[in-house]
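J.: Annotations per Swiss-Prot:
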| type | residues | note |
| --- | --- | --- |
| ACT_SITE | H17 | active site, proton acceptor |
| BINDING | R13, D14, S167, H196, Y287 | substrate binding site |
| BINDING | D14, H196, H198 | Mn(2+) binding site |
| DOMAIN | 5-257 | domain 'Pyruvate carboxyltransferase' |
| SITE | R13 | site 'Transition state stabilizer' |
Amino acid sequence: MIRDVYLSDVTLRDGMHAVRHQYSIEQVAMIATALDRAGVDSIEVAHGDGLAGGTCNYGFGAHTDLEWIETVATAVKRARVATLVLPGVGTVRDLRDARRAGATVVRVGTHCTEADISAEHITAARELGMDTVGFLMMSHMSSPSALAAQAKLMEGYGATCVYVVDSGGAMVMRDVAERVDALRQTLLPATEIGIHAHHNLSLGVANSITAVQHGAHRVDASLAGMGAGAGNAPLEVFVAAAERLDWTHGCDLHALQDAADDLVRPLQDRPVRVDRETLTLGYAGVYSSFLRHAEAAAARYHIDARTLLEEAGRRGMVGGQEDMLVDIALDLTGADRS
C-alpha cells in the first residue's frame, strides 16, 4: 500500500545538535530500535552537520559517523538507514564509507542557492545504489521560483526527491505552500518532494501538514522534536495530527510517545523548546544550529544572545558561519580583538 506520508526520523542526526553530538553507542542503539519498532520509514544518523561534520567549528562527536551508522544498521529490522552529507564538509569517500557501513539513503545538503555543488555527491550516491535526496537548506532565503530552479538542478543530477528545508524555522504556512507548489510544478511527477521543518515559531507540525497538503510525500520529524534550535517537527505530534487527518503513515503512536518521553527527553541538557533564544532564531531567520554557539558567545562577551542572533539575521548569515558570531559580539561590544 502506498501511504500518504513517508516518515523520515532525524532524532539521531539533527538531534545531535541538542546533545552537542554526544550520543553514546548505547543511546543510539536504543533509540534506533524503538523507532524501528514504532514503524518509521527511515532513520537518519550522522554528526549534526553531516558526514565528517566533527570539527573545531561545529564540535566533535562522541563517536565517528561510521560507528553510529553501523550501530543503527545493526539495530534495525525494517527501517532504512539514512545519512546526510554536505558537499564541502563530507567527501565522496565519506559517502562510500557510509554506504559500506549500512546507509542506503543519503540526503545531499546545500545552501538553497548552491545546488550546483551537489552534482558530484548526487551522482556518486546514485552510482552506489542509494536512495538519493536533494536537501535545499535555509529555503526561506530563496523565492519559490528560485528554489524550484535549484531543485530542478538536483533532479537533473539524479536526485529522486528534493526537500524544502526550513533550517531556520522561519517559514509560516504560506511560505511552505508557495515553495512546495513551485517544486511540484517544476519537477517531474515521479520526483518526490520532502519537508524538513523546525519548530522555532511553533509551526513545525503545521508547516509539515501544509507541505503534504500541497504535494510533499516525505516528512522529517524527530522524537520530542529533538533537533537544533527549538527542534524539528515533533514526530509523535505529527503522527497524532496525521491520525486526525485520516492519513496513512504506518506508525504506532503510543510507541513513539513512549520513546520520546522515556528515551529522548532525559538526554536534553538544554530543553528543546520555544523560548526567547530559539524563538529569535525563527523570527530572525537564522540557522537553527547557531543556538549553542550564540549562547556561548553571549556568555563570554556579556551580551544578550538574542542581540547576536538578530544581527546574524540582518547580515544574512548561513550554515557554516557560526564562528562569525564572535565577530558580531566583538563589533557590538567594542571589545579588543587582539
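Placed from the backbone N, Cα and C atoms, the Cβ positions cover glycine too.
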J.: On a simple 10 Å Cβ count over all chains shown, which one of the recorded positions H17, H198 is most densely packed?
T.: H198
J.: If you take the centroid of the Cβ atoms of D14, H196, H198, the listed Mn(2+) site, which other residues of that chain have their Cβ within 8 Å of it?
T.: V10, V165, D166, S167, G169, A197, G204, D220, S222, G227, A228, G231, N232, A233, S288
J.: Give the sequence-ordered set of same-chain residues, not counting R13, D14, S167, H196, Y287, with Cβ within 8 Å of the centre of the Cβ atoms defining the substrate site.
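T.: Everything else in range on the chain: V10, H17, G48, M137, V165, H198, G227, A228, N232, S288, S289.
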J.: Taking only same-chain residues 6+ apart in sequence, whose CB is under 8 Å from that of D14 (substrate binding site), what do you get?
T.: E44, G48, D220, S222, M226, G227, A228, N232
J.: Does DSSP put H198 (Mn(2+) binding site) in a helix, in a strand, or in coil?
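T.: It is in a strand.
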J.: Express the distance between the Cα positions of H198 (Mn(2+) binding site) and R13 (substrate binding site) as a whole number of Å.
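T.: That separation, Cα to Cα, works out to 14 Å.
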J.: List the Cα distance (Å, whole number) between the residue listed as 'active site, proton acceptor' and Y287 (substrate binding site).
T.: 12
J.: Taking R13, D14, S167, H196, Y287 as the record's substrate-binding set, what's the max Cα pairwise distance in Å, rounded to a whole number?
T.: 15
J.: Just counting, how many other CB atoms are there within 10 A of the CB of S167 (substrate binding site)?
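T.: The answer is 32.
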